[in-house]
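Look at Swiss-Prot and you will find Gly83, 86-87, Thr91, 93-96, 111-119, Ser123 tagged as 5-phospho-alpha-D-ribose 1-diphosphate binding site, backed by sequence analysis. What Swiss-Prot records for Gly83, Asn114 is anthranilate 1 binding site. Per Swiss-Prot, the feature Mg(2+) 1 binding site maps to Ser95, Glu229. Annotation source Swiss-Prot lists anthranilate 2 binding site at Arg169. Sequence annotations record features per position, and here Swiss-Prot assigns Mg(2+) 2 binding site to Asp228, Glu229 based on sequence analysis.
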Amino acid sequence: MELVRELLRKIAEFENLTAEEMYNLMKEVAEGRATDAQIGALVMGTKMKGETPEEIEGAVKLFREKVVRVPVKDPEELVDVVGTGGDKSSTFNVSTVTGFVLAGAGVKVAKHGNRSVSSKSGSADFLEALGAKVELLPEKVARLIEEVGFGFMFAPLFHPAMKRVVSPRREVGVRSIFNLIGPLTNPAGVKRYLLGVFSKEYVDKFAKALKNLGVKKAFVVHGEGGIDEVSVEGETYVTEVSEEGIRSFTFSPEELGVKRKSLSEVRVNSPEESVKVALSVLRGEEGTPRDMVLLNASFGILVSERAGDIKEAFEMAKESIDSGKALEVLEKYVELSNKI
């Protein structure tokens, strides 16, 4: 209790915590030694102060230790396509559809997500609307990844340590450090990420945290239109993280021969509408939703290092859709998720 008070005092005085201090603070929270009032203070305090890469790193380390593991054979080759959410863009489920395209291109995808908080259709809502069963035990998720190339981990089942913070977070009702660490606590131990963030200021923070956490390769992106994805509307700010280091650049759709289109063409109002758009993309229909998926899938394939450059990755993404392989992955995933 005294440790919690001391570290909350530092946050209240706008002092940054070290990774170790944040790890220790989150340990107190996760193991039930912090009160609801203290958790609420942590939520509001970190929100007002602003989270540092070291604080994100420390929190992620703790919750990674507490996660229920998915027993995959080779976690270092898996990719997660995930966003922080909170961009209020109401786009269809681009990251999940991108996951099917990656799997169709031979990349094993371990998708980590939840039901909707801020969007019209969370990844779990979308998969359920497709007919998939999402609340699966770790061994079953591992089997799906191995046999189909795509598996989904429904976050609440894999993060029992997060239960302590649910009520205080809901009562305070602001975006906080807990929203930031979720995407980085993949239960399959993923080392490769295409990670979208809701604000440009967080791109480099996440990149530094990922580097310190030892990822093999990641792209952290924030797209024009304020979205946590590679944007078809305009430029996307990208930071690449690899074992060699960190570099940032701006990407434009024109680099892959894609014309800019309005994000209004990829917005939906429900999971069912998202399913309709997703199936049109995977069945080969031309248009803005397809372009949006191809841009994101290009970066996802590049993360897997199955392509030498973005143009090769783009061609692989097109082949995954146009050959019907991506749609086949979706159909097999839905079928097997209900059988196992």
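Just so you know, glycine gets a Cβ as well, placed from its N, Cα and C.
A distance of 8 Å separates the Cα atom of Glu229 (Mg(2+) 1 binding site) from that of Ser95 (5-phospho-alpha-D-ribose 1-diphosphate binding site). Taking Cβ-Cβ distances under 8 Å and a sequence gap of 6 or more within the same chain, the neighbours of Asn114 (anthranilate 1 binding site) are Gly122, Ser123, Ala124, Phe154, Ala155, Pro156, Gly182. Taking a C-beta cut-off of under 8 Å and a sequence gap of six or more, Ser95 (5-phospho-alpha-D-ribose 1-diphosphate binding site) has these contacts in its own chain: Val81, Val82, Gly83, Lys111, Ser123, Leu194, Gly196, Glu229, Asn296.
Of all Cβ atoms in the protein chains displayed, 19 besides its own lie within 10 Å of the Cβ of Arg169 (anthranilate 2 binding site). Of the listed binding-site residues, namely Gly83, Thr91, Arg115, Asp228, Glu229, the sparsest CB environment within 10 A is found at Arg115.
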